[in-house]
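As recorded in TrEMBL:
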BINDING   Gly87, Trp88, Ala89, Gly90, Thr91, Gly92, Lys93, Asn94  ATP binding site
DOMAIN    257-312  domain 'Torsin-1A C-terminal'
Amino acid sequence: ALEPLSVGLAIGVAWALTGYLSHPSFYCSYVECCSSAGQRLNATALKVQLDTKLFGQHLAKDVVLKAVIGFSNNPNPKKPLTLSLHGWAGTGKNFLSQILAEHVHPAGLRSKFVHLFLATLHFPHDDELKLYKEQLQSWIRGNVSACPHSVFIFDEMDKMHPGLIDAIKPFLDYYEQVDGVSYTKAIFIFLSNAGGDLINRAALDFWTSGKHREEIQLKDLEPTLSVGVFNNKNSGLWHSSLIEKNLIDYFVPFLPLEQKHVKMCIRAEMIARGYAVDEEVVQAVVDEMTFFPKEQKIYSDKGCKTVQAKLDIHEDT
């Protein structure tokens, strides 16, 4: 027969071990956990990463940094943070959204709490709009129920079927709860090429008038951008209730990149590959890219999007 002291000791050890293994700090070191309610973003780390990795986008960095940090520091936001990023391909919209996702959930796009939707992949058929709306609502409801701090990224918004995105309006509105679920701690990010022409035109106007691009402020672009996207049938937000009801917190413009910014992208890519920066190679890659307007050749028509592929050609060098 077991002695009472031995049995008691064994039970105590078992309870202690169970408590330790189930403690969040231990459990979450092996299994990804949702960010706790009191956890705040590291503003300094986020700023450093944006400053060192996102080139030529002073406006986008400033707006997003202030918006995200303010949202993170607010213990009781009235609605989820909703950002709409606009600009031509290769200007950094995807890159910024990935950096932001990594600061909310360290695994970034690999996190089970970060959800990326691609219009052409997840919503390809015009005649399935009703089904897509139901699926989208169900996906968001289920994921926010699992983690209030979920991040949702909608890429290719300019290829989204008109009216589809309005299905998530109840989740972005000023409701404390919808069917028992609170969405106020979630982040929604829309990525779109729509409005890029308006942004490029404004940037060129500043250049023509002799002003520095760093002088461009959000107030110079956001009103025109929101109206332009609202009236653009290819924006995904055409006549959207999200704009009509002012549920998008910021329309964030991404400016066209100049040659100096493309060179920054090339140098960063070379360093990431473990190469010493060779300015001759940098210039050679730039020379293979195209710029607009045709006469002045100020801005890259593909931003930094083709830098990796162009650099591949110079691997031997």
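Keep in mind that glycine also has a Cβ here, set from the backbone N, Cα and C atoms.
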Task: Remaining residues near the recorded ATP site, that is with C-beta within 8 Å of the centroid of the site residues Gly87, Trp88, Ala89, Gly90, Thr91, Gly92, Lys93, Asn94 - done: Phe95, Asn193, Phe254, Gly303, Lys305
TODO: Across all the protein chains here, work out how many other Cβ atoms are within 10 Å of the Cβ of Asn94 (ATP binding site).
DONE: 18
- [ ] Show which residues of the chain containing Gly87 (ATP binding site), separated from it by at least 6 in sequence, have their CB under 8 Å from its CB.
- [x] Lys93, Asn193, Gly195, Gly196, Ile199, Pro253, Phe254, Leu255, Pro256
- [ ] Would you find the one among the binding-site residues Trp88, Ala89, Thr91 whose Cβ has the most company, meaning other Cβ atoms within 10 Å?
- [x] Thr91
Task: Gly90, Gly92 as binding-site residues, winner by CB count within 10 A - done: Gly92
Open item on the list: When secondary structure is assigned with DSSP, how many helix, strand and coil residues does the domain 'Torsin-1A C-terminal' (257-312) contain?
Closed with: 29 helix, 5 strand, 22 coil
Open item on the list: For the domain 'Torsin-1A C-terminal' (257-312), what's the mean pLDDT in this predicted model?
Closed with: 95
